[in-house]
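Swiss-Prot annotations:
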TRANSMEM  13-33  transmembrane segment
TRANSMEM  82-102  transmembrane segment
TRANSMEM  115-135  transmembrane segment
TRANSMEM  161-181  transmembrane segment
TRANSMEM  190-210  transmembrane segment
TRANSMEM  248-268  transmembrane segment
TRANSMEM  277-297  transmembrane segment
TRANSMEM  313-333  transmembrane segment
Amino acid sequence: MAEFFATNLWPLLVVIGQSVLLLVILLIAIAYILLADRKIWAAVQIRRGPNVVGPWGLLQSFADLLKFVLKEPTIPDGANKGLFLLAPLVTCVLALAAWAVIPVNAGWVIADINVGVLYILAVSSLSVYGIIMAGWSSNSKYPFLAALRSAAQMVSYEVSIGFVVICVLLCVGSLNLTAIVEAQDGKWGMLGWYWLPLFPMFVVFYVSALAETNRPPFDLVEAESELVAGFMVEYSSTPYLLFMLGEYVAIVTMCAMGTILFLGGWLPPVPYAPFTWVPGIVWFSLKLLFMFFLFAMAKAIVPRYRYDQLMRLGWKVFLPLSLAMVVIVASVLQFADLAPK
C-alpha cells in the first residue's frame with residue numbers, strides 16, 4: 001500500500017485538484033445559467049426578471065442558495081429516511097460525474113477515455129434511480145406517480161439519443177469525445193460540422209435532450225399546473241436544492257454533448273485568422289450557451305405536451321426516424337467509400 005501511494009500519489013493529487021477546480025467552475029456557471037434561464041423567460045414575457053439582488057440581479061442565484069441552505073429540511077412521517085436523503089445526492093453526484101470525460105478544449109479533460117460517449121449515456125441513465133428512490137421513499141402516491149412518469153419518459157428518449165450517437169459513431173469510428181471533435185476539423189469550418197449532414201439527427205437529439213432532462217415542453221414529471229413539484233413535492237431546503245442543481249447540471253451536460261457531437265466542440269466556425277486566435281474554450285462556451293438558449297426558448301414559447309403525445313413522439317416518430325437515419329448514414333458511408341478506416 002505504501003509503495004502504491006509513493007508511486008501514484010502525485011497523479012492522484014493532480015486528478016483530485018482538477019476535479020475540484022472543474023466542480024467549482026461548473027457550480028458557479030450553473031448559478032449564472034439558472035439566472036440566464038429566468039432572464040430569457042422574463043424577456044419573452046416582456047418582464048425584467050430578477051433585478052434586485054446585486055447589479056442587474058447577478059447575485060440572485062446566490063441569494064436563492066442562501067435561502068435554501070438556511071431552511072429546515074422536513075421529512076414526512078412514514079418516509080424511508082435513508083433513501084429519502086440519499087436520492088437527491090445520487091441525482092446530483094451522477095449529473096456532476098458526467099463532466100469527468102467532457103473535453104472543453106484540446107487536451108482539457110480529466111479522463112480522456114475511449115468510451116466517453118458511452119460513459120455519459122450510462123451515467124445519465126443511472127440518474128433515473130435517484131428519481132425513483134425519491135418518489136418511492138416519500139411514502140406518498142403523488143411523488144411515486146411522478147417518479148414512474150419520469151422513469152418511462154427518460155427510458156423512452158434514451159433510445160433515440162442512443163441512435164443519434166450511433167450515427168455519429170459511424171461517421172467518426174470512435175466513441176472518444178476528443179476524436180469526435182477532431183473528426184469535424186477541416187477547411188470548411190462550420191459547414192463541415194455534423195449538424196449539417198446529420199441535421200435530422202441534430203433535431204432528434206435536441207428534442208430528446210429536452211425530454212431526457214424533463215425540460216418544457218416535456219416537463220410532465222414536475223408540471224406545476226398538474227403535479228406541483230412532481231417527485232420533489234415532499235422535499236425542501238438543501239435536498240430540494242440538490243435536485244435542482246442536478247437537473248441544471250444534466251441540462252448543461254446535454255448542451256455540451258450537442259456541442260461536441262454536432263457543433264465542432266472547441267473548433268472555430270471559420271478555420272482561419274482571426275477566428276483561430278480565439279482560445280478553444282471560448283468557442284466551446286459560446287456554442288454551449290447557444291444550445292442552452294435553444295433549451296430556454298423551448299421553455300418560454302412551446303406549450304406542454306400531453307403524456308400520450310410525449311410517448312407517441314418518442315416511440316412512433318423518433319424511434320423509426322432514428323433507425324432509418326442509421327441505415328441511411330451507414331449505406332452512404334459504405335457505398336461512397338467514406339467510412340472511417
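Cβ from N, Cα, C; glycine included.
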Annotated stretches the transmembrane segment (161-181) and the transmembrane segment (277-297) touching (3 or more Cβ pairs under 8 Å): no
Whether the transmembrane segment (82-102) meets the transmembrane segment (248-268): three or more C-beta pairs under 8 angstroms: yes
Ranked first among 13-33, 115-135, 248-268, 277-297, 313-333 for CB pairs under 8 angstroms with the transmembrane segment (190-210): 248-268
Cβ pairs under 8 Å between the transmembrane segment (248-268) and the transmembrane segment (13-33), at least three: yes
